[in-house]
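These notes concern the structure reproduced below.
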């Protein structure tokens, strides 16, 4: 239990600090918007590139890991569309439900991984992110796009302009071809990477909005329970049918236990989805993960 407390103290403290800064108006909204842009375009891509380019070990059991991830993702997507048909969900809300269940807050996931003593967990988690980021972005865009307005060219351009996808691909390329990073640049990447997690978690906390939670509380709560509790438990069940080492299992469960990405709000608004519902779900999931993540990690410790 003490290990769990020490693991979650840094990320939870930074998120609560970000929430405190926002509600005490330490910084205005322009600061938070600028901080999010800095992290999205510079700091976090540096973290992804550095982690992938410098990964020293091959990920053991990568095939099993990928199979589990895509099984769970497939079930989530099918479940979402079936629920949408039964509940007669509008197109504007369909994309919100999909993003709420398959997108992930990478800052929180990596910050947790970096507090763990096993470096292999971080390597596996970053590898999962590198594979999942392009896939999740495609599914998110498709879920928000009406079949009458579907434009594969625009989807392709949005993907190749995504700094997270590009940093993952370049990092994998450096690693695959054993390209050495100059030590001066590597040190710079290390500083940028550390800044990314700190600033990212502050922004995650600052994005919590109690007003939007109240507006769509019941729907936000329902989807958050599925995301933060049922999906991780389902993932543990699926993982039990595969031979995985401890690091692989923890990385997979962390991946499916973290709340949806804050950037889902921007994409939903741009593509004409129900952005108010998306904002409520993002805020509530972020708040509830302060409880759900320690619970899920405790279950993993007893499951191994």
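Using the three backbone atoms N, Cα and C, a Cβ is placed for every residue, glycine included.
Because the structure is a prediction, the values reported are computed rather than measured.
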| note | Students should find that the transmembrane segment stretch in TrEMBL, chosen from 20-37, 38-55, is 38-55
| Maximum Cβ pairs under 8 Å to the transmembrane segment (278-300) - stretch from the list 38-55, 123-144, 191-213, 225-258 | 225-258
| Whether the transmembrane segment (61-84) meets the transmembrane segment (164-185): three or more C-beta pairs under 8 angstroms | no
| Beyond the flanks of the transmembrane segment (225-258) by 6 or more, those residues with Cβ under 8 Å of it | 59-61, 64-65, 67-69, 71-72, 75-76, 100-101, 104-106, 108-109, 112-113, 116, 118, 120-121, 124-125, 128-129, 132, 285, 288-289, 292-293, 295-297, 299-300, 303-304
